[in-house]
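Taken from TrEMBL, the feature compositional bias 'Low complexity' covers B:1-10, B:21-31. What TrEMBL records for B:11-20 is compositional bias 'Pro residues'. TrEMBL lists B:1-31 with the feature region 'Disordered'. Taken from TrEMBL, the feature transmembrane segment covers B:40-62, B:68-88, B:147-167, B:196-221, B:242-263, B:269-287.
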Amino acid sequence: MMGRTIFIDPGRCIGCQACVSACRECDSHRGKSMIHLDYPDEGHTVASLPTVCMHCEDPVAPCAEVCPADAILVTADGVVQQADTTRCIGCANCVNACPFGVPKIDLQAKLQMKCNLCYDRTAYGLAPMCATVCPTGALFYGTLDELRAERPGVQVADSFTFGDVVVHTGVAMVVPADKVRWPVPGGLPVVEINGVDVR
Amino acid sequence: MTEPPQTADPTPAPDPPAPGAAPAADGPAPQTPAAVRRRAVLAGAAVSALLILAIVFGSRLLRDFDSALLPYAVATVFLAFGVAYRYTVWVSAPGARRLFRQGWRSFFSAANFRRAPTALPKMIATYLGLQKFLGARSHARWAAHQLLFWGCVLAALITFPLTWGWFTFTSGSGDGPGYEMRIWGFKVLGFNALNIIGWLMFHGLDIAAVLVISGASYFLWRRMKDRGAITGQRFAYDLIPLIALVVVSVTGLLLTFSSIFLHGGGYEFLAVLHMVSVVFTLIYIPFGKFFHIVQRPAAVGMQLFKYTSRDKDADGELKTCRRCHEPIDTAAYVENLRGTMKDLKLDFDEWAEYCPRCKRVLRGNAYLTHVKKGFQ
């Protein structure tokens with residue numbers, strides 16, 4: 001994991017969409033929000049889940065691996081950048097291969113876009129837009145020590161299971177200390193009845 | 001990062017694949033980097049040899065070859081080697097290889113010729129020529145890129161055949177004004193050097209230079225002012241190509257300036273300067289941003305694959321998300337992606353049959369159920 005990163009705590013998220021609005025202000029994709037805010041069990045709970053790019057470390061960036069145009073660069077500091085505008089052909093391989101459902105695509109512009117950890121800010125030591133505006137700390141930017149200084153004893157996880165595969169990420173999630181599961185389930189495997197996933 | 005607690009039940013690591021396990025369906029055998037490099041060197045050598053033969057025979061056994069242009073011709077041979085090498089390495093990677101094959105398969109399929117004979121020419125015109133997708137990104141970038149693109153195309157169409165000795169301009173009277181343009185020794189055009197056709201023929205490269213300088217200047221300005229473009233930009237990758245294009249164009253224009261206004265003053269120095277800038281730019285093409293010139297046409301194959309597989313699916317249906325049934329893409333495309341993921345040992349390829357939103361929601365549900373039940 002990189003030294004300074006985003007820690008996501010869905011338990012703190014109130015679904016206010018401040019992160020979604022702030023993300024639009026990022027200079028590297030002005031006017032378009034790259035963060036996803038989902039309501040997993042809408043109608044039954046008020047739970048909400050913010051999703052930024054997890055900056056996969058092992059396997060290194062599946063989105064970049066499946067890219068047929070070598071358009072997705074992983075910088076030396078582990079940040080998986082959005083597609084190079086010169087190279088991206090808009091095939092959507094990255095969109096559909098990402099286990100976290102992160103990249104977006106503009107089919108007219110034949111261009112993929114995704115969270116790049118606000119590289120215009122984080123490269124200069126500033127926090128990403130989403131973490132800057134989050135009123136509850138559901139999105140925290142800093143080192144693990146800084147997080148623990150604010151939230152003593154907090155446990156975080158940076159690996160997720162998808163079926164039999166474990167994906168280690170650069171961005172981490174907060175997990176309860178007493179109920180920690182390791183790694184965090186990523187949503188697979190499938191529960192199917194008559195060919196339809198019923199989860 | 002925290003270590004997993006000892007009490008937790010860690011998910012066992014997946015078993016390593018059995019020796020000799022069959023590759024993914026329709027997947028080629030794994031290739032070692034050394035094998036890829038060997039094939040790339042062979043491809044580069046073959047293409048370079050073919051180009052040398054084309055130069056020798058195209059210039060009528062070097063009779064029409066202009067020895068003053070030798071450094072340019074040598075640079076194009078290096079360029080041919082570099083492009084063939086890099087192209088071979090590129091299409092050997094799993095993602096590119098599968099789409100490359102699917103593109104050619106779509107192109108040669110009888111169904112494609114029968115049902116959509118105009119699809120490919122249309123795609124070439126709108127995608128490669130007019131570059132409509134750039135207009136969807138930004139109108140200004142589209143306009144600047146069109147200037148750059150057509151300037152480079154014009155320059156390449158004039159200079160490459162001249163360099164190879166394929167074109168000749170000869171005058172029966174020795175010093176004009178009547179000239180003949182010959183290709184491979186065959187006369188294709190006779191013109192008067194003093195009329196508009198003659199002016200255009202002899203100033204084609206000046207026109208190309210003006211187009212390129214206009215386009216490249218916009219992009220240089222943007223690279224210095226646009227904060228989105230500045231984010232993550234690299235000097236060697238993003239700025240060198242633009243600077244190289246401007247230097248080539250300006251030194252080329254200075255040759256004309258020298259001959260018209262300085263009566264040839266400094267021409268020899270400028271000619272060497274121009275030659276050096278062109279040679280370095282040509283040799284750089286396979287290695288940096290310019291490689292998109294080679295890569296982008298290959299993407300037409302991907303478009304054709306998607307188009308024809310969508311057409312084939314007209315009787316059936318698109319692949320839909322297994323949870324919410326929103327369309328993902330064509331069934332053939334999703335199958336192709338799953339194959340790519342298997343080639344890369346990304347063994348969560350089943351996940352490709354879910355839309356991005358459902359992936360996130362299912363992960364949220366899993367967190368809600370298994371990790372932090374009270375997170376609502």
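Each residue, glycine too, has its Cβ placed from N, Cα and C.
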Would the transmembrane segment (B:40-62) count as touching the transmembrane segment (B:269-287), if touching means at least three Cβ pairs under 8 Å and pairs must be 6 or more apart in sequence?
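No, the transmembrane segment (B:40-62) does not contact the transmembrane segment (B:269-287).
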Quick one: do the transmembrane segment (B:269-287) and the transmembrane segment (B:68-88) have at least 3 Cβ pairs under 8 Å, skipping pairs fewer than 6 apart in sequence?
yes
Going along the chain, which residues at least six beyond the ends of the transmembrane segment (B:196-221) come within the CB cut-off of under 8 Å?
140-141, 143-152, 154-155, 158-159, 169, 177, 179, 181, 239, 242-243, 245-246, 248-250, 252-253, 256
